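Student: Take a look at this one; I'll ask things after.
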Amino acid sequence: MTSCRRNRKLTMAVSGCLIIAVMALTVGLCVGLGGDTDAPEEQQRFTIDHEANTFLLDGQPFRYVSGSFHYFRAVPESWRSRLRTMRASGLNALDTYVEWSLHNPHDGEYNWEGIADLVKFLEIAQEEDFYIILRPGPYICAERDNGGLPHWLFTKYPSIKMRTNDPNYISEVGKWYAELMPRLQHLFVGNGGKIIMVQVENEYGDYACDHDYLNWLRDETEKYVSGKALLFTVDIPNEKMSCGKIENVFATTDFGIDRINEIDKIWAMLRALQPTGPLVNSEFYPGWLTHWQEQNQRRDGQEVANALRTILSYNASVNLYMFFGGTNFGFTAGANYNLDGGIGYAADITSYDYDAVMDEAGGVTTKYNLVKAVIGEFLPLPEITLNPAKRLAYGRVELTPKLALLSTEGRAALSKGDPVEAIKPKTFEELDLYSGLVLYETELPSMDLDPALLKIDQINDRAHVFVDQELVGTLSREAQIYSLPLSKGWGSTLQLLVENQGRVNFYISNDTKGIFGEVSLQLHNGGYLPLENWRSTAYPLEQSAVELWRREHTDQKALDPLLARQRILRNGPILYTGSLTVAEVGDTYLNMAGWGKGVAYVNGFNLGRYWPVAGPQVTLYVPNEILKVGENSLMILEYQRVNKTATGEDLPAVQFDAVAQLDGESGDVPLK
């Protein structure tokens, strides 16, 4: 048992609890970091019985079977239906992260509306009869850009050390919590809400061993929780677990079906850190994450169900990560680097289907029914009728090329403003750019070799290289290609169009974006000449700007026919527009087979990145909630090539399917 944390107001201890004198004398509730006290009967308390090794909810033994669902991976109009489907499986708790970067996109700017309306999401969860496990990070990983940490921290503090006792970092976390935590007070279980647990950091033991930072974050979190919910940690079960253990904070672990045969060993590791209390697997993985250019990760449903039964047989509590995965809309998908001892950078796909218990559209799967049957062996199953959305195939939509990104009109429409001139290229962060593209331009010197090698120290993450707006090659962090030959006579202006494919989300180490080090050109004597005097132009590609251009240019003519018929986009990215006519609204999937790489928007909503030539994801999920009966706008910003039907007299095309395609590399077969 632990004692209550001291309130900053005048306090005195009475029988292990606090009496707070603020204008008048009132009796305070003392739940602490898992302790026991008397409280008013109308207030729920969530504590730990260290003798019976169980949670207590209002004094009664309690065990949760929870599912992860991140509000920022589904449109808000769908939240209730997703939650209801989860509750129908027998889950009695919901687990969700809080994404700092979503709510605080720029320094001093906060967003609590739409997909960022966290309080509304949590209130709907309460209405749907869930207890809530809140994971505010501030670092969340979650396969999100920068692990949920705002990009502008790098702009403001170029040498900041994330997830440490760095004064700049903890100062900004303090500001963020001062905005976040007061909004949640009515939701803590000790205040009559349903939030029973609040996480401190996230799998920290596997990252570092800075207990000064962890203790500070514990105290900063408890300053707002004030004993009204249980603080906890999650750590990977390995030799570094002790680095994540925080005094007076409840410890849990995480593991999937690949380690279920080690379950006794894992529980023993947890008991070595925390001898008593309930056993908890805070992330039991029914699926797994997927990167571009690899096979979609799948996990057998029966194996998942059997492993879940094994975990629950220990009277443990468990959270299934993910129960519903959803989608990394926009530019929110992250990346990994040197994952599991591998080499190099790998970007996460847009879909976060995760082979979870529910599919990306929130539907029931075979795995769902298997898991539900196991939950029903341990918890009562509610009687809930589900009304899933229809999944409809709307067929083929032809697209018209309307805007060349590197043209004068394209720069005016979609760039952030005038180019920034400097000796060295400016990073995305120096331009205060979350994602999208940056165009770097400089003049080439007279070349004394033909060809001469262009060499760049580091590109994060991918660059199309142009000379006088003619494509000459591609550089890639993933493929570790940082050089290419240039020939005399190609032109005078070197242009590097750099794409942010997602900041690293695991083992955060300041994954800033753009060009770093020297950009240099090979000389006859074997040396290299550094290229200087760069112009850096930012293209945020935010959905509001792209949609505004479409509305203001509905009557704009198509591009030059010769440019329009290009299969390989040799003069830079092109924005294509089209219209989808809908008689009945339903979920659908935008099939990008045959296209290259880019971003898609429906009715101004950024569906996310597509890259079917790399795979495995070929389709983008289109929620029914963003469609309407009648005409729906479609915009495709393609970076490198269009569907082969663009050759000859045909216009390029896409199609809308009723079934997702997440498991295969896209071929060149014409769309139906």
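Glycine residues also receive a Cβ, built from the backbone N, Cα and C atoms like all the rest.
Note: TrEMBL annotation is automatic and uncurated.
Take a look at what TrEMBL says about it:
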- Glu203: active site, proton donor (ACT_SITE)
- Glu283: active site, nucleophile (ACT_SITE)
- 54-376: domain 'Glycoside hydrolase 35 catalytic' (DOMAIN)
- 425-524: domain 'Beta-galactosidase 1-like first all-beta' (DOMAIN)
- 573-632: domain 'Beta-galactosidase galactose-binding' (DOMAIN)
- 12-35: transmembrane segment (TRANSMEM)
Student: For the domain 'Beta-galactosidase galactose-binding' (573-632), report the average pLDDT of the model, please.
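Tutor: Here the mean pLDDT over the domain 'Beta-galactosidase galactose-binding' (573-632) amounts to 97.
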Student: Distance check, please: Cα of the residue listed as 'active site, nucleophile' against Cα of Glu203 (active site, proton donor), rounded to an integer number of angstrom.
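Tutor: Distance (Cα to Cα, whole Å): 11 Å.
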Student: In sequence order, what residues of the same chain, 6+ apart, have a Cβ less than 8 Å from the Cβ of the residue listed as 'active site, proton donor'?
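Tutor: The residue listed as 'active site, proton donor' has long-range Cβ partners Cys141, Val234, Asp235, Ile236, Gly244, Asp254.
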